[in-house]
Amino acid sequence: MQKYIKECQAFIITAGAGMGVDSGLPDFRGNKGFWKIYRPFENKYGFTDCANPQFMNYNPNLFWGFYGHRLNMYRNAIPHQGFQILKKIFLNRDYFIVTSNVDGQFQKAGFDINHIYEMHGSIHKFQCTPCDKLYDANQFQDLSIDLEKFIAADPLPQCECKHLLRPNILMFGDWDWISTIYDQQEKRFFEFVEKYKNNKVCVIEIGAGTSIPSIRNLGDRILDNIKQSIMIRINPTEADIPNDDRYFSIQKGGLEGIKELGA
């Protein structure tokens, strides 16, 4: 594995929620983890209830209490040491990052924004569903949230057309996500795959589980398209790999697993 890392021409990082845990970010795996932070929601609403565009119509102040708190949490998070270790591994070699996370931590850590594909969108962008207008979340710094009840006070983020805004994130049961930004990111990513399809490429999957298998499925597709690629799966609880000598497993959390790569 270490030999291949040294020899490969390019890297593809595929990152799930486990990548942010060492930065103090929750992965919301199941309602128990969700309720640990959002205690007032316990036995009333689950993560899939809140991360749903219909919830904004049903209770906009609670919806924005949840998403406003998440936005502040991600804004304040400091990317862990593993991000910088990856940058050293990539030194003088090409890379692309694909993440299902909406937290913007790779950008904050200094990775090239043109080499990042956020497949589920970004909480740092807001959208107006009726008029398709997009906003930078930094335009809405004054959102006030009661941290005892997780209810956001009026006024809530609003478009120029007076409709309520929502995060530009692919939610559960979501038919209204405006994916314009991420379609362009996806296009650049598959151009990258095409560019390196005949080269040695190392795919490093970090903290991607099977409950929402977007990242895992993509990794398998990459190995199908790039015959000289290998996959290194870093996961503390779901590190199983196929019976295929191109797959390697590191049964550790994100930061500890990345340290092993850079050893």
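Note: Cβ is positioned from N, Cα and C throughout, glycine not excepted.
The domain 'Deacetylase sirtuin-type' feature in TrEMBL is assigned to 1-263. Residues or ranges marked as active site, proton acceptor in TrEMBL: His120. Taken from TrEMBL, the feature Zn(2+) binding site covers Cys128, Cys131, Cys159, Cys161.
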For His120 (active site, proton acceptor), the number of other Cβ atoms found within 10 Å of its own Cβ: 19
Per-region confidence, the domain 'Deacetylase sirtuin-type' (1-263) (mean pLDDT, whole number): 94
Cys159 (Zn(2+) binding site) to His120 (active site, proton acceptor) - Cα separation in whole Å: 22
Cα separation, His120 (active site, proton acceptor) to Cys128 (Zn(2+) binding site) (Å, whole number): 17
Other residues, Cβ within 8 Å of Cys128, Cys131, Cys159, Cys161 Cβ centroid (Zn(2+) site): Thr129, Pro130, Asp132, Lys133, Glu160, Lys162, His163, Leu165
Sequence-distant neighbours of Cys161 (Zn(2+) binding site) in its chain (C-beta under 8 A, six or more apart): Cys128, Pro130, Cys131, Lys133
Residue with minimal Cβ packing [other Cβ atoms within 10 Å] among the binding-site residues Cys131, Cys159: Cys131
Neighbour tally for Cys128 (Zn(2+) binding site), based on other Cβ positions within 10 Å of its Cβ: 21
